[in-house]
């Protein structure tokens, strides 16, 4: 591990120097209570250390150490000071190296200097992943899973320890074997070691426990968490998860019958687990490459949304699965703004299952198009990859994507990150304008296309036809108007018959006749144009004109008749009969005109 | 006729005339104006105030849009009830290849050699599919992504068929409008949008060739009618392109390439040859032929197989006819007659020889059809449901004797084909829709529109002007049945308003019931996916049996990437698509002997099967077993097919009669034949099932599908082991055990110096040769130059 190991001659010297250094610190572990929790697939080691400064000067910091064998498995380490009022104050850790010693070391900054002769109670918590090794590594469906834990009986520390006790919590009563240093006591699921007195610094003595552990050995081999921020009020979160059962491999057949009928068959397999989503999560989906996974259930609780994630098939040792879970969040809960400044405060990683282990995580934060001066604040060190661009609905120049990765994460890493960025609010208009513009162009093109003639050949016949058609149309309107005039005339006459007001009749007749004349002239003009176009319709129009003349005559006749009736020159009966014949004739003429019109 | 003179223009003009004509008559008679038909009298009285043409196009636009919408949404049952995935078995292949296309590009797709199918043979996918469907979906996906619309290819595939149903409605509208009139066109569009016969192949999630092919079919017809009408090369080229699309989309293109020649032939018979026809068909045949040969799967079929010979024959006939016409103008009658006689005898001889040749080499449509009959259809045949509708209305069609030939030709042909092959019922559906639309349209015109007609008897004739203008046309313009006023008045005098309203109401009722019926059929018959099974509890809640995907996903995640899965061919596409594993046989049943080998493995006893599986490198065997939940489409029920197909290829090893009881029954219980009870399929299906008691009334090992207690409960497997069984036992996967390792030798193998081989002089020619100055390969660093 450490490069010093390779230089054996230097070792002795270094050790002596180190011991001196430790002595210079003057720190001593007065009393250590270690708890090794092996009840899940993690090893959670917490130690309560009573630090005593026996040196001559105040101490600002102390060093935490981890055995070289366990170093690579370390997922989380945290130290806190046990305050008087039950409130723990977490301390700042910085990874350092100690010359001449292998292992992983952290320098812990104390909140206030520990004066000479002072004592301080510190709580150290470490979580190790993949340290429980299934043994045997392959089991059948009926067998139970046994695992081996290899650790240290003592607290690995650069300081001498006065008194120490270790308590190991196991997953079950069944223990195959365990190291018996100092004659430990075993009580159900708990093994108590110690107390050990006056342990030298960096003492190591292998503690080996072989016991039954059927806790779900689930590991997320990789997770990609994508957070897409929209300024229109939504934050979409999607997690793509590769899940693997890292316990003992399943050997031999998988029998569904046994699995269904015997409760302890496949006891170490994973049927389902719970994922807790934020309370405001909406539109939750749980799917994979081949569609929705229909075996899941969703429960909306007061302070969270619980998804019972059931993979399509139970996960036995060595089996893996892959799924996507996603949901929407309202942005007002996570997005803060002041002018053009925005801050997104969200969990860097969220809960997937209890005691989760994530081997590899990628977080992608997709910010709105136009976000600038992006700055990411993370609660712990995380590797940033180069930013990317993401194009989706209505994007033109792409959305900035922050990409960050980290390996080996556990539940303790569920903490908030903050993304700061600036965004010009005027850019909000870009997308609606884009849509409006697109529709504008579409309609405009249609208008242009419909209005203009794009044919490459000119067809005079068609043009003439269209011209004729338009003239005909005008003729039709005029003729109809003219026919309307006759109706008005009839009305005038009727009124006259009732009121016997010759003046009104004459004036009405005059105006109508004037109108009639203009209409007839117009039609004649149109007829001339038709003739000019060489259309045979002109003749028909001429015919209409002729017929119309007749109609007009008839109308005039009926008018005169009515005058005569009013004047008492004819009897009513004769008037009615003559009116009838006139009307009949008129009807006939009009229908002929109509038929001609329709033929136009 | 010029290009610019499109039908819309003509129609709008005639419509205006109609509207104004109505207005004129109103003023003449002083009767109130009734808006009849499709916006005909919309702008009647005031003339210039509103434009009837505008109303009409708006109305047709709205109706078409609504038809599209209705068609689209009525196909969404499965997606809404379940989810947006490919629901059927077969389309999984289409989806998979579309996915391949969209991820690897077009050329990669065309050259795709799929090593995951037909192990160890593989399949050249690019050359054995109609790529139209995949290319269409891929293109849409590409365009959308170009516009940054990040839609997954799966969603494009799922919704492709419903979207195309709208295009089908529009092309049906265009075609019917060309053949009849606008009103009938709109009705036809509405019919085709919801008709179950078409929906059956185009629901969302069924990503099948037919989904887009019906659109291409209708559109090709439309363009063909258009090109015959105009005789313009422009339309004909359009028709060819549409035909090309059809060829790329579906094997049913044969339908077009036979129908169009038939139409031409009938026209020739009826002495309706014209230059337009000549231009249209000659262009169509040549360009269409060349285009259709561009599809790799079709290749040289259009000039080789008998299905395409009709087109060629009619082409030759048309050329001959045109030539004769030409000669007729040039020669005297006497000369012409001799020439004609000579020509005819020559042609007869050629035809005779061709027929003889074809009978020897050609594959006839009938054999094709019988082949297809043997394939089971997944869909229940409710195809006929729109048919009863048309029957009562047929007399109306017959009464309205017109010269529009395409319609009868089309329908006759479609009926014939549908009779030959059930699957081709699909091509009948649009025809039925069009015919019934025409019928309804005429009925409505008759009973609704008569007010207007009586007031304005020659209203119909207004469009005759068009007719006169295009007097050279083969077809009359829409709705111009020439009738005299007196004739028209007579029968309608008898129709009181009561009869009219009753008939109208009845018709409307019929239409409404049709819509309801269509929706019902769609919802019940065509919208239950076969990938996901659903059962309903007493309280109406739904249980989803997702066993297929459970097992397929297990295969995908927990087996070696190159594992080979043996299963019956029905599940091949799904295993390839969902599990992404290599299969031995699949739904593209091109290699019968390979299928027979799998069938033989399934129907032999375990040790014999093991030999076959070993030779085929099988790692897993997947079977479908419905005995637990009572699923009837499982492998035991299909088992006799496996036996039969295996017997066809291996009659010495497999005999169907062995699997029956002496009484000739196929039984899985104790009375079943021992061969059956010990064959691999039986063993795999019922492995450990004998211990399982499903409920208290039945004995353990009671098969719910076949309602029998199984005969062989003590099943031991030697070469196989259960690898996975889904939750409801629907899918069972067995692992083929590898051969056990031999004991390692504790001594080194003896080193024997190879003897110089003696070669006699007689066989000197066969002795191994050597090369003089043989180049010696020096092992070392490779140069930058890549070796071939």
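A Cβ is built for glycine as well, from the same backbone N, Cα and C atoms used for every other residue.
Just so it is clear, the model here is predicted, and its values are computed rather than measured.
Taken from TrEMBL, the feature compositional bias 'Polar residues' covers B:1-15.
What TrEMBL records for B:59-395 is domain 'Oligosaccharyl transferase STT3 N-terminal'.
Sequence annotations record features per position, and here TrEMBL assigns domain 'STT3/PglB/AglB core' to B:565-621.
For B:1-37 (among others), the entry in TrEMBL reads region 'Disordered'.
The annotation region 'Disordered' is assigned in TrEMBL to B:454-474 (among others).
Using a Cβ-Cβ cut-off under 8 Å and counting only residues 6 or more beyond its ends in the same chain, the transmembrane segment (B:58-80) has close neighbours at 38-39, 87, 158, 161-163, 165-166, 168-170, 173, 182, 185-186, 189-190, 192-194, 199, 202-205, 518-519, 522-523, 526-529. Per TrEMBL, the feature transmembrane segment maps to B:58-80 (among others).
Beyond the transmembrane segment (B:124-144), the same-chain residues lying 6 or more positions past its ends with a Cβ under 8 Å from any Cβ of the stretch are 94, 97-98, 100-102, 106, 109-114, 150-151, 153, 156-157, 160, 207-209, 211-213, 216, 245-251, 295-297, 588, 590. According to TrEMBL, the feature transmembrane segment maps to B:124-144 (among others).
Residues 60, 64, 67-69, 71-72, 75-76, 79, 84-86, 91, 94-95, 98, 133, 136-137, 140-141, 144, 184-193, 198-199, 201-208, 211-212, 214-215, 218-219, 221-222, 225, 430, 433-434, 437-438 of the same chain lie 6 or more positions beyond the ends of the transmembrane segment (B:156-176) yet place their CB under 8 Å from a CB of it. According to TrEMBL, the feature transmembrane segment maps to B:156-176 (among others).
Sequence-distant contacts of the transmembrane segment (B:182-200) (same chain, six or more residues past either end, CB-CB distance under 8 Å): 11, 37-38, 56, 60, 63-64, 67-68, 70-71, 74-75, 165-166, 168-170, 172-176, 214, 218, 379, 382-386, 425-426, 428-430, 432-434, 436-438, 440-442, 444-445, 478, 514-515, 518-519, 521-522, 525-526. The transmembrane segment annotation in TrEMBL covers B:182-200 (among others).
What TrEMBL lists as transmembrane segment is B:250-270 (among others).
Taken from TrEMBL, the feature transmembrane segment covers B:277-297 (among others).
Below 8 angstroms of C-beta separation, residues 257-258, 260-262, 264-265, 268, 273, 277-278, 281-282, 285, 289, 302-303, 336, 339-340, 343, 347, 351, 354, 358, 362 of the same chain, each at least six residues beyond the ends of the transmembrane segment (B:309-327), sit close to that stretch. What TrEMBL lists as transmembrane segment is B:309-327 (among others).
The transmembrane segment annotation in TrEMBL covers B:339-360 (among others).
Taken from TrEMBL, the feature transmembrane segment applies to B:413-444 (among others).
The transmembrane segment annotation in TrEMBL covers B:502-522 (among others).
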(request) Mind tallying the domain 'STT3/PglB/AglB core' (B:565-621) by DSSP state, helix then strand then coil? (result) 33 helix, 7 strand, 17 coil
(request) Pop the mean pLDDT for the domain 'STT3/PglB/AglB core' (B:565-621) in here, whole number is fine. (result) 90
